[in-house]
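Participant: This is the structure, below, for whatever I ask next.
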Amino acid sequence: MNFEGLDPGLAEYAPAMHSALDPVLDAHLNPSLLQNVELDPEGVALEALPVQESVHIMEGVYSELHSVVAEVGVPVSVSHFDLHEEMLWVGSHGGHATSFFGPALERYSSFQVNGSDDIRQIQSLENGILFLTKNNLKYMARGGLIIFDYLLDESEDMHSLLLTDGSTLLVGGLQNHILEIDLNTVQETQKYAVETPGVTIMRQTNRFFFCGHTSGKVSLRDLRTFKVEHEFDAFSGSLSDFDVHGNLLAACGFSSRLTGLACDRFLKVYDLRMMRAITPLQVHVDPAFLRFIPTYTSRLAIISQSGQCQFCEPTGLANPADIFHVNPVGPLLMTFDVSASKQALAFGDSEGCVHLWTDSPEPSFNPYSRETEFALPCLVDSLPPLDWSQDLLPLSLIPVPLTTDTLLSDWPAANSAPAPRRAPPVDAEILRTMKKVGFIGYAPNPRTRLRNQIPYRLKESDSEFDSFSQVTESPIGREEEPHLHMVSKKYRKVTIKYSKLGLEDFDFKHYNKTLFAGLEPHIPNAYCNCMIQVLYFLEPVRCLIQNHLCQKEFCLACELGFLFHMLDLSRGDPCQGSNFLRAFRTIPEASALGLILADSDEASGKGSLARLIQRWNRFILTQLHQDMQELEVPQAYRGAGGSSFCSSGDSVIGQLFSCEMENCSLCRCGSETVRASSTLLFTLSYPEAGTSDKTGKNCDFAQVLKRSICLEQNTQAWCDNCEKYQPTIQTRNIRHLPEILVINCEVNSLKEADFWRMQAEVAFKMAIKKHGGEISKNKEFALADWKELGSPEGMLMCSSTEELKNVWLPFSIRMKMTKNKGLDVCNWTDGDEIQWGPARAEEEHGVYVYDLMATVVHILDSRTGGSLVAHIKVGETYHQRKEGVTHQQWYLFNDFLIEPIDKHEAVQFDMNWKVPAILYYVKRNLNSKYNLNIKNPIEASVLLAEASLARKQRKTHTTFIPLMLNEMPQVGDLVGLDAEFVTLNEVVDYLTQYSGIKPGDLDAKISSKHLTTLKSTYLKLRFLIDIGVKFVGHGLQKDFRVINLMVPKDQVLDTVYLFHMPRKRMISLRFLAWYFLDLKIQGETHDSIEDARTALQLYRKYLELSKNGTEPESFHKVLKGLYEKGRKMDWKVPEPEGQTSPKNAAVFSSVLAL
């Protein structure tokens, strides 16, 4: 409500007037209202104030039901009926909020919202109440707890708020803009400019936003763009209140007179169908508030500040007989509200009293209110005392609340473990003076502790014995499964926390202190990030993929090569595989295999990630093999001896991963069929569980791998000799071993997980015995056993003991092809090389050594749905390029978290939370066999003329001239760049004013523009980056991120940062162009060519003002003048008929002088 023209004494009201109130009653307070009312020392009433119990309420006629004191002597500033519960909220001029329950106005809660400013509007939500003060928006629970406290700018003077939907809020006041706030993120999302400042009242219908201004105008604004669609000039003085119902808008206010503002007794009524005024409605009271109360008819309630209330029809005549009187305690009514059910009216007066008028004896505030939660009453005082001296006193007399929930004492045994208090170490003085008699030691008491008392030292014992540095920071999920405590922090799923600056202030360096690049996980189907990293760190695969380029629009090999190039350029900053995953989603086979997940499934972990990544592994190798099968082999893949890296008709992927096999089927009739085939990977086949396995039978990984490669199984197959399906014995023999051995672990059930666990335990026992240690025969080891193993007597260090736990996988395996087409596989250690000789010499006899290069594991975590991480052994060439050193190191890759680890951690699998999924073994010295140079496949021809995708392109609309070969950009050339992006899945609004794109521009059938593909545009930009040009633009960082390009920082000249002061706002290109260049750009629509040209001119202006960067102090003064002018102009470029060029302004004169 606008308070202009009201009592001047209230306009100058200060909180100091009531800061020291005592229980003495105010002279204006009606004594009859305060009968049987207790006042606390601060003067606040403790009980509701019923007028008289014998008040008779006539059905259908509003009468006073109850009055209550909210805060004695402090005017009520706002009242609001709760939209979800049977409650009435009241705010005072002192910043205090009080709620009353039900028609009896029982006090429910009372708390301070603001210490100095008055509460100007209240809005109820499902989970709490919004309170608006002068420059503060506070969201509090109904009991008074703060949910959030959003502080606005100190210069703001807010008066009104409007909830547009469940999570969006509009806030307006005396300034010339309206803020849009997202209640989910508690961030300002939009700032809408208003031509007429002073928005004190806001309403909404399904057609318009209605804004009431202090100037007496009511503006109708579009629900989507907030543009003014129509405007009513209601009153010449000021607007007091208005309301909207159906097709009618009614307003009351003040008119200008010679003596000042006077209350206008004519209500202005407007027809929203024809957008014009209809006959004004003359009333018999001085209207200060009005509301539509539609019951049987659309009647209006008009309230004056003196307490008179009149009902009338908006299109009829006002009848003096329809006037009733509210009896305020104070001289003025300050607020008025109507309940959602229209059965109750609330009035607040200037003495802190609230009056409830209803049209029925038992009104309800809402049609469907939920139940209100009340504090449980304290029953302790009413219980009889119990005499504990009585031995026979039954404990059942102690009252226990009846509950159907599970009690804490019913905690299941599976979710708990005994944790006895560990004995403290024996005093050194006792050990020094102790004398042994047999196995018993005797020593005098050193008197350092109390006799028979040992103090508890819980914190010390926790720090000494507790190794849970990885315990979750949040208690969420701790009660679900005990193994979640064992998940190390670096293995947990990482997420990006966005702020109002997006990703700019997120500290990726906290998660990655290396120079290798991580991958962002927030993109759909980014579960494959770990496998992308594995393929990237395979040197032959990386070189092959980066040398590949074809004409297919959605080629996985091309997109993977572009992504590998970004990983090469990055110096620790994360990359995103959005273009690769976009191409991945277009392949029908990926969808058919179930590899494309919905966002909800990926977030909740509904699908089995282990199975998913193993299917993805098979799919990507097959797809890359097909994409490259018909292409010519690059020269980089010619061997050092001149032999080709692959044979004709096969791809390099096939030569690296493919294994040639013979599949033999033997029928029981004696007929044998042999077929040749090849596979790109193998799946582990585990032995059947037998009686011998229960005793801890040792089964090497090499034996299981040989069983899986040379698979033998009985199955039904077609026999040509018998001419029917017969039981056959199918065996598989190897002709040729691959360069890279890929293994899917297939640990998809409890049986396979138990097999890994049992083999790891057997391997651990054998390793301990090999080192001369003694261990317990039990499956679980006691603490004393571990201490013994770590002692010098155990001949094994504790660190080595930890490295042997949960290890079954060997770091190297040795494979040999026999003369009878058989295969020998065995585990290989560094000590075996001394016995058998170097691996290079062995290869001449068909013996190969494979080293473990990567393991992909599935992290089980029910809180986050689980995740996939990779352990990768990064080779010397990668360290040489990134860090300038030549060494090998194992790393953990968990999306954008990268951390060096010990090599034993890569093969340790605690099956409770860390399950192996994929293994990569690489032939030893593979990289040294080939010349793996990369030749950039992107040539200058990508910038030459190309055909447009538009079928009806008109030559007159061409806005560019293609470059010739002799006009190609060179190193250091400046290239102006501006880009706009539109997702073509479902375009709701092209936002032509900001994007410059009109409907039909992107339709190849009707567009007159030059249309090209995303891949073609990407290649042009990649070529410019590779030759070393410098890009000039405004806000290029987001453009490069959307198109998925990694540009070195020294090749980007962004005007948004050139003309920016630390800890200040970013300035728009339009304002910079007006201020420095005297240019008016982005007038009606957005033009990317104009923006790019303007950015180039601004960069030249920057060089001119900063003297090529040699005078930073003088340029700092220029920026100060820029920000001063921007604040004065509210960062808005004036209209052509408005202010003159900034070059004539006083602020800019100092700039020119500089």
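Count begins at 1; order follows the chain as displayed.
Glycine residues also receive a Cβ, built from the backbone N, Cα and C atoms like all the rest.
Reproduced below are the annotations present in TrEMBL:
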type	residues	note
DOMAIN	517-924	domain 'USP'
BINDING	D978, E980, D1039, D1091	divalent metal cation binding site
Participant: Which residues, same chain and not among D978, E980, D1039, D1091, have a CB within 8 angstroms of the centroid of the CB atoms at the recorded divalent metal cation site?
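Facilitator: Those within range, site residues removed, are L977, A979, G1033, H1034, G1035, S1088, A1092.
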Participant: How many neighbouring Cβ atoms, not counting its own, are there within 10 Å of the Cβ of D1039 (divalent metal cation binding site)?
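Facilitator: Neighbour count, Cβ to Cβ under the 10 Å cut-off: 20.
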Participant: Pick the one among the binding-site residues D978, E980, D1091 whose Cβ has the fewest other Cβ atoms within 10 Å in this structure.
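Facilitator: Taking D978, E980, D1091 as the binding-site residues, the minimal 10 Å Cβ count falls on E980.
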Participant: Considering every residue in the domain 'USP' (517-924), what is the mean pLDDT value?
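Facilitator: A mean pLDDT of 80 is what the model gives the domain 'USP' (517-924).
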